[in-house]
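Lifted from TrEMBL, the feature list:
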DOMAIN    32-141  domain 'Acyl-CoA dehydrogenase/oxidase N-terminal'
DOMAIN    147-245  domain 'Acyl-CoA oxidase/dehydrogenase middle'
DOMAIN    257-405  domain 'Acyl-CoA dehydrogenase/oxidase C-terminal'
DOMAIN    434-543  domain 'Acyl-CoA dehydrogenase/oxidase N-terminal'
DOMAIN    549-647  domain 'Acyl-CoA oxidase/dehydrogenase middle'
DOMAIN    667-802  domain 'Acyl-CoA dehydrogenase/oxidase C-terminal'
Amino acid sequence: MLARNLAKAFTLSVRNSTSNAAAATGLNFRFTDEQRELQQTLRKFTKDEVIPVAAHHDETGEFPWGVIKKAHAAGILNGNIPAAYGGLDLDLLSNVIVSEEIAYGCAAMATALLVNDFAETPLILAASEPIKKKFLGRMTEEPLMAAYAVTEPWAGSDVAGVKTKCEKEGDEYVINGSKMWITNAGPASWFFVLCRSDPDPKAPISKAFTAFVVDGDTPGITRGKKEMNMGQRASDTRAVTFEDVRVPAENMVGAPGEGFIVAMKTFDKTRAEVAAIATGLSSRCLDEAAKYALERKTFGVPIAQHQAVAFMLADMAINLELSRLITYRSAWEWMQGRPRGYFSSIAKCFCADTANIAASNAVQILGGNGYNKEYPVEKLMRDAKIMQIYEGTSQIQRIIVAKDLLKRVQETGTSIPQLVGVVWSETCNLDQLTDEQRELRDLVRKFVRDEIIPVAGHFDRTGEFPWDIIKKAHATGLVNVDIPVEYGGLGLDLISSVIIGEGLGYGCTGIGAAILANDLAETPIIIAGSDEIKKKYLTRMVEEPLMAAYCVTEPGAGSDVSAVRTRSEKKGDEYVINGTKMWITNGGHANWFFVLTRSDPDPKVSAGKAFTAFVVDGNAPGLSRGKKEVNMGQRASDTRAITFEDVRVPAKNVIGAPGEGFKYSLRPLVAALATGLSARCVDEASKYALERKTFGQPIANHQGVSFMLADMVINMELSRLVTYRSAWEIAKGGTGAYFSSIAKCFAADTANAAATNAVQIFGGNGFNSEYPVEKLMRDAKIFQIYEGTSQIQRVVISRHLLNRVRETGTSWIAS
């Protein structure tokens, strides 16, 4: 029954993914119903067939033939083989789902399954029709294994260093050499083999190598003993020696001399699947650690209640969700026909590093038990390490990412990829914006380039409020874009606001904060204001360039919004407000304020019912504005204290029902500003690194600098992706609390790391105010503070995580 269900799920997934569906419009982070069914069915297979035997195969090192045969019968094995050769022709996203789910149970078994894909992919890409029928056809007929034989003792990540050679003799090639650490080498029915066909060391690598498919029983092939590795012991890894192995010329994969190109194209595809294995392992680490943290008690409470442990779990959850997103994005890029290697290398690098950190943290949370083989996290930590080594080390991935980044910056002056191509289908559209959103993005970029960047330094030095910029932005339509059409606005969704936010953040986050503070104040009115209030306050924002302020923070209530002490008391048809707010953006120029007050003085009343929100006119008697604060950064933004002394507000100015004011918060916009700042840091640092020379060459050529740039752009891409993910969820009607906190936390931390690294790359110039990165570093810090500190975001994330684990036994969220 299980096998039939799996086959059905796979078939449905194929039909959906390969149909010529109408192009999706805009971002979409949701799988199809068929893909979700596939995911659920795989999850059951892993629970029933993989997890119960994983420890046995780790202990004995036996190859998991029992699981392999069941996987083959269920259609899990060789799912990428085209239908013409008996396969299911699964797209890469479906294969990524398979890899992640199996790896949750055992990364070694997932690797064994996946290596068949590695070996089959070059044949699918470049082999002749007879070779495809012969070698791919046999894989679907019975449970056979294949191997990808490229790595050598002195050629691991440096594939160009391969020394195994082939020489043409008549209608055959003779292969001699040794391969090392070849997964599935013991049981392989056949091998994909990369050889050097041109012995000239000066020959370009794109023409020096030739690839073959070689039968496993060919005379001259010797398989070494199975290696006893640190982890992934169910995977069969061996040396393979070729001594005068004669292979028919028809077994060539691709044209003579093009083997290296075939191998690289294979890596572009399969690195997403390796990233998925690492993600599956990270997911298992998080689940095991979270469940244990809810059960294990110290000092009378579960250790999950200790903030040190909760923050570890939060960071594991953040990086797990980011791993999933970038893995799906990498697969999506391949399916768009854009396999540049950039996103696949980002995915492989980040997910591998995440898996190792997650495993180490899981062991730490389990303490002494984590170091004991009776608990699964000990195996998970041993299994994780290889993720940073095979399929190109994490260091090689950073080299690839840095090269791609620097090439773009040299050619275009920016790190932003110039993307082209069509949308794949209805599912998981992880980059393609609508035509209108792309026009908006381009409009914002031009506005920032022409109007903001040239004057950003001036406003930073003087602290003047950028009224001229505000007026131009208002005239251009970049202010108050979220106001609904019926009140004179554009009615754009949160994704569009995020696009604007990122663009403004690239130019100047101080100016961006001033503009987007309007959105923060308007959003609760749009969500919960009466029609009368909307007409009065939203319409005026469209008619002229006015500012508004989101007035929540207090001296003793920053991230802890529930500690707000500004109080409101109902008197007849009015409320009387008393209290003080601090650090209010746009406080000096706001035409009106969104104000959160405590309306129920009983400290036992839940936060969800104790607060009431109002819209308050800026000229209301009793409202006074303090002096403008002189802050570390974002000095173009006007930040002040606001005091309310017996300020009388009509009851009709209540936003939402009394007691519900606590609910409204919007963090993706802040994440977008931070992402824009990170992108600017990447661009400035990259351009400087290409120009500045030490030891006779640009510092970009020094690996220490290029690795810094790689990490900056990796995290910037992840920030953008999770910010879009959080905005998408809210735009689709979800609460977005979990992903919004992840986006805010990660984007803020990334902006600070990016700015610090940019200053470091500039050296002494970075510490000088004549260069923009000095301002960027000062501007970045506030992102870890306002709209909820990075620590508060981790509290929110860990609470969501632990509630899910407590209720469902897993951290998993349906896609």
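Please read every residue number as a count from 1 along the shown chain.
Placement of Cβ uses the backbone N, Cα and C atoms for every residue, glycine included.
The structure displayed is predicted, hence computed values, not measured ones.
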Can you say which of 32-141, 147-245, 434-543, 549-647, 667-802 has the most Cβ pairs under 8 Å with the domain 'Acyl-CoA dehydrogenase/oxidase C-terminal' (257-405)? 32-141
Could you give me three numbers for the domain 'Acyl-CoA dehydrogenase/oxidase C-terminal' (257-405), the DSSP helix, strand and coil residue counts? 124 helix, 5 strand, 20 coil
DSSP says what for the domain 'Acyl-CoA dehydrogenase/oxidase N-terminal' (434-543): how many helix, strand, coil residues? 88 helix, 0 strand, 22 coil
Given 32-141, 147-245, 434-543, 549-647, the one sharing the most C-beta pairs under 8 Å with the domain 'Acyl-CoA dehydrogenase/oxidase C-terminal' (667-802) is 434-543
Listed stretches 32-141, 147-245, 434-543 vs the domain 'Acyl-CoA oxidase/dehydrogenase middle' (549-647), most Cβ pairs under 8 Å: range 434-543
The domain 'Acyl-CoA dehydrogenase/oxidase C-terminal' (667-802): DSSP-derived helix, strand, coil residue counts: 113 helix, 4 strand, 19 coil
Take the domain 'Acyl-CoA dehydrogenase/oxidase N-terminal' (32-141) and average the pLDDT across it for me. 95
Which residue counts does DSSP give the domain 'Acyl-CoA oxidase/dehydrogenase middle' (549-647) for helix, strand and coil? 7 helix, 50 strand, 42 coil
